[in-house]
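Lifted from Swiss-Prot, the feature list:
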BINDING   His60  O2 binding site
BINDING   His89  heme b binding site
DOMAIN    2-143  domain 'Globin'
MOD_RES   Ser4  phosphoserine
MOD_RES   Lys8  N6-succinyllysine
MOD_RES   Thr9  phosphothreonine
MOD_RES   Lys17  N6-acetyllysine
MOD_RES   Lys17  N6-succinyllysine
MOD_RES   Tyr25  phosphotyrosine
MOD_RES   Ser36  phosphoserine
MOD_RES   Lys41  N6-succinyllysine
MOD_RES   Ser51  phosphoserine
MOD_RES   Ser104  phosphoserine
MOD_RES   Thr136  phosphothreonine
MOD_RES   Ser140  phosphoserine
Amino acid sequence: MVLSPADKTNVKAAWDKVGGHAGDYGAEALERMFLSFPTTKTYFPHFSDLSHGSAQVKAHGKKVGDALNNAVGHMDDLPTALSALSDLHAHKLRVDPVNFKLLSHCLLVTLACHHPAEFTPAVHASLDKFLANVSTVLVSKYR
């Protein structure tokens with residue numbers, strides 16, 4: 001899905017609002033995903049604690065946030081920016097591709113909860129397209 005110039009502007013503006021909270025929002029989205037889609041927990045057998053506030057979930061949330069910061073900064077070349085992450089998830093972790101869509105949805109909900117005034121239909125659509133592109137790149141090495 002091609003991001004229009006307006007989409008890119010919306011994504012950058014929304015992500016600017018996230019600021020230094022990307023890791024916190026990543027952790028919150030993971031917690032939301034674990035609660036809403038419990039089968040996703042199976043990809044984290046090495047985590048001893050998946051509860052709210054878990055240090056392991058916070059650490060992984062920071063990784064998610066950092067990856068999204070990188071993606072926002074490289075919207076015009078996501079395949080290159082996310083290549084190593086795609087390899088990791090496809091070949092080592094073997095995460096079911098549907099889980100990227102689930103996490104994307106949970107991230108949208110998290111952003112809407114924290115920034116309701118800024119989460120307009122246009123921003124929602126742009127973020128959804130952006131996260132769909134990120135998901136597509138992350139599953140590209142599965143083939």
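Yeah, the Cβs are placed from backbone N, Cα and C, and that goes for glycine too.
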Candidates Tyr25, Ser51, His60, His89 (recorded positions) - the one closest to Ser140 (phosphoserine) by CA: His89
Counts of helix, strand and coil residues, the domain 'Globin' (2-143), according to DSSP: 113 helix, 0 strand, 29 coil
Protein Cβ atoms within 10 Å of Ser51 (phosphoserine), excluding its own: 10
Candidates Thr9, Lys41, Thr136 (modified residues) - the one closest to the residue listed as 'heme b binding site' by CA: Thr136
Spatial neighbours, same chain, of Lys17 (N6-acetyllysine) - Cβ under 8 Å, 6+ residues apart: His115, Glu118
Entry from the modified residues list Lys8, Lys41 having the most other CB atoms no farther than 10 A: Lys8
Count of other CB atoms lying within 10 Å of the CB belonging to the residue listed as 'phosphotyrosine': 22
Most crowded position, judged by CB atoms within 10 A, among His60, His89 as binding-site residues: His89
Cα proximity to Thr9 (phosphothreonine), best match among recorded positions Ser36, Ser51, His60, Ser104: Ser104
